[in-house]
């Protein structure tokens with residue numbers, strides 16, 4: 001059995017549900033990306049994209065090599081580590097007695113995890129000086145969701161493009177009060193609230209519970225993305 005491999009996976013959905021994609025990346029000993037893959041899902045939810053990314057990663061790596069998987073999706077991690085045993089005992093029903101969502105993907109992941117050493121590690125998304133592998137997987141998944149085409153090292157694809165300058169984008173609303181002037185004018189509201197649950201903005205970046213969000217034409221997301229879309 002060889003030393004542990006380090007990898008990350010991520011999913012993206014532009015609309016939730018909307019055009020979606022998945023991606024995974026495996027690093028070398030210095031945690032530089034050396035092998036990666038991304039693919040389209042058509043129209044799908046964030047959760048389907050996240051689970052698909054994990055399923056593809058597990059299916060594409062050697063089961064005899066211990067694996068560390070870095071993810072920014074609490075749902076996908078808890079689904080296959082915390083909730084899965086109870087779902088199986090309950091005949092694939094939740095504690096509320098409802099059918100488990102995305103059961104086929106969860107079952108497939110459970111099969112791929114059987115008999116292999118996998119450690120899951122949660123990493124916050126889109127942090128300054130955050131996890132490099134998570135950032136790579138996030139960019140690859142987002143690009144796959146947008147272009148709806150497969151990509152990866154085996155295809156000779158270039159690395160996924162960098163994410164937009166988030167700090168600069170968040171400064172944009174300070175230039176004036178144009179956002180407030182749009183309230184009630186048929187567009188998106190300028191009002192912001194704190195998210196009760198984590199989700200993903202139309203830009204493809206996730207937001208955490210408690211983070212300020214605003215209404216846009218496709219749902220809820222970052223206030224700066226609402227401003228950009230309105231402009």
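Backbone N, Cα and C atoms are what each Cβ position is placed from, and that goes for glycine too.
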Can you pick which of 28, 64, 72, 110 Swiss-Prot lists for the same Mg(2+) 1 site as 10, 50?
72
Position of peak Cβ density within 10 Å, selected from the binding-site residues 10, 50:
10
Around the Mg(2+) 1 site formed by 10, 50, 72, which additional residues qualify by having Cβ within 8 Å of the site's Cβ center?
9, 11, 12, 49, 53, 71, 73, 76, 125, 134, 137, 138, 141, 206
In which DSSP state, out of helix, strand and coil, do we find residue 138 (Mg(2+) 2 binding site)?
helix
On the three-state reduction of DSSP, what should I expect for residue 10 (Mg(2+) 1 binding site)?
strand
Would you kindly give the Cα-Cα distance separating residue 138 (Mg(2+) 2 binding site) and residue 72 (Mg(2+) 1 binding site), rounded to the nearest Å?
9
